[in-house]
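Worksheet: the structure to be examined is printed underneath.
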């Protein structure tokens, strides 16, 4: 403090505190600070070195070029070859009537791309159903053109050696799409060509039975009138197709559900040829299993970039990708590509999730198209199967519910049950999805609510599970190299560590300030400087917001002393004087205060002035009076609670909540950060859209949620200290017949819709800088994490400590 050393303040304070003989003061018995000054200052990150920043900058440039190729195109996509589909295209005869293939380059590709074991497929990913389907398809194509005798022989040997083993992949999640439809059909064709294969295996008969059962459920008439998922596998149902009628459901691009194999199988008119010519012209000598996948690919790219925590580098590219998707969005849902007439649940759910997160106007009514008459959700219209990845996407989308969106509540309930069952199944299964880390994704998603999660921990965890070589299932195993690649992962890890290194330097500044601030002298209060830094830094983590983080942390540390002073240490007479001093905003009035309060008031006065002045510099208008009024309201709320305590008064729940929204202190804390965000101007009109006492906007909802979330985890400890007023106790006073468990359930019934309101306020389009809304929203998310499993501020050595280690202490190995 100016003119007085910290040492003399220490001596004076200790002397005067110990001289209050006969006065019994309550204490919260705070747990000690788990993050020592010496520990924080021992942190030394190598990622402060400029070479890491230079490498990250280079990666950003490389990825931007890659994204421009993927996102700025005209619907094209980058996808790995499908040997299965390429073989079908290779079978198309020349349109001039000569005895040669129309696309001879595909035959050459097949000859050159057989794997060492005699199979065809993606060498890096082995799935037996995929290899068998591709290999048999390639063998038939080569046999038809009487070429590649050696390759045919080796392919047949592979099929003979492995055909019986495919029964071990009989789990639906481990089979390529429509395997039970297509493979028996291919086997019949192979048998008609006298290819020597084991046609009488028990599993083959089982497959044929499954095929018949599935086809028995298909309306033959609907195949020709309504686009059906079976169009994707027409080559597997040639025995039931009326070829002159099937043209009625041909796509505008000439394809059948964007499938090169189906289209090559039909190959009746010039439109089929145009589609195949177009694909061959774009890709050269092979075709993929789907073309195009432009909607799904864009969504997956954006999703991965955001979950890896690197989205701030690619905002322009993300906006272009989502604009493209939104242009093709419709109330029926969307498929994996713009030319696909059938809506797909995974693509639709992911589209809804990302579009809503970016404040596009999308309605959850789209999911009514994916419900059957029993209220169960399925993956695509006309196909009543459920795919784990699709259900996971729907589960994630359901967490973005606004008030009144019952369909999303239904989706959340349904997918939670479905995913739990899938998880139990995966623990005893070697299913493909389990091998691809999907079970880890499910486990984490079910455990961690989006509303109660830490952005930096989420990014770190995703870096740990993200697979650059991730493959997906359709009729073939395929990869999307622009979606999963080494560059994304390297930048994700580098960026996390670089940001963490910046935060560690800021943590040293915070702990140095705290040590010298005088706040540690108040031994009755909790010391949580790092926890409060964590509260803001893990959501508003960008380097340019350092001042916002620092001042937010200062205010939070001050609030903790005030909280414990009003809650436990101060007498009612002392608190009345302190509250009056705050109201008067006059340092001379502090002469009436006890010595410990004099020091507290001086620290308070300096911090409030500092925050107000910094806000004025950032916003360009007078704000000292605004902050003074906010602090006055806040401490008056504290004082009212102190009066309740002194008189053993338990208010009604409504009275408690009205005061608690103010006394929780979240409003003034949030304003001490959001008004000091570098480059983010908040006009008075814009500010009132996120902060208006008594109106359910972001700061009000944050305060309500924080108050009630706090109560659900602290009311027992506070009751043991003699504090009778909590939302639980107040509800029980209003309803004497109810139990504690019923009161707690009622509080949660208030919390849940408030969280939906908060989500709506956060994501609705307006003229408030989105970075400011994000800061307010992210702080709420972290607050909910802190009170998820207990009082994370009061006892910060458990889950909160782990979150701090993950986000601020331990780097990601490169």
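Here, residue 1 is simply the first one shown, and the rest follow in order.
Cβ atoms here come from the backbone N, Cα and C positions, even for glycine.
Here is what Swiss-Prot records for this protein:
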- 563, 567: Mg(2+) 2 binding site (BINDING)
- 563, 567: Mg(2+) 1 binding site (BINDING)
- 563-567: motif 'DDXXD motif' (MOTIF)
- 710, 714, 718: Mg(2+) 3 binding site (BINDING)
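Known features from Swiss-Prot, placed on the structure.
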residue: 563; record: Mg(2+) 2 binding site; contacts (Cβ under 8 Å, 6+ apart): 525, 638, 665
residue: 710; record: Mg(2+) 3 binding site; contacts (Cβ under 8 Å, 6+ apart): 664, 787, 791
residue: 718; record: Mg(2+) 3 binding site; contacts (Cβ under 8 Å, 6+ apart): 726
Quick one: pull the CA-CA distance for residue 714 (Mg(2+) 3 binding site) versus residue 567 (Mg(2+) 2 binding site), whole Å only.
13
Indicate whether residue 714 (Mg(2+) 3 binding site) is helix, strand or coil by DSSP.
helix
Taking helix as H, G and I and strand as E and B in DSSP, count the residues of the motif 'DDXXD motif' (563-567) in helix, strand and coil.
5 helix, 0 strand, 0 coil
Give me the count of other Cβ atoms within 10 A of the Cβ belonging to residue 714 (Mg(2+) 3 binding site).
17
Counting across all protein chains present, how many other Cβ atoms fall within 10 Å of the Cβ of residue 567 (Mg(2+) 2 binding site)?
21
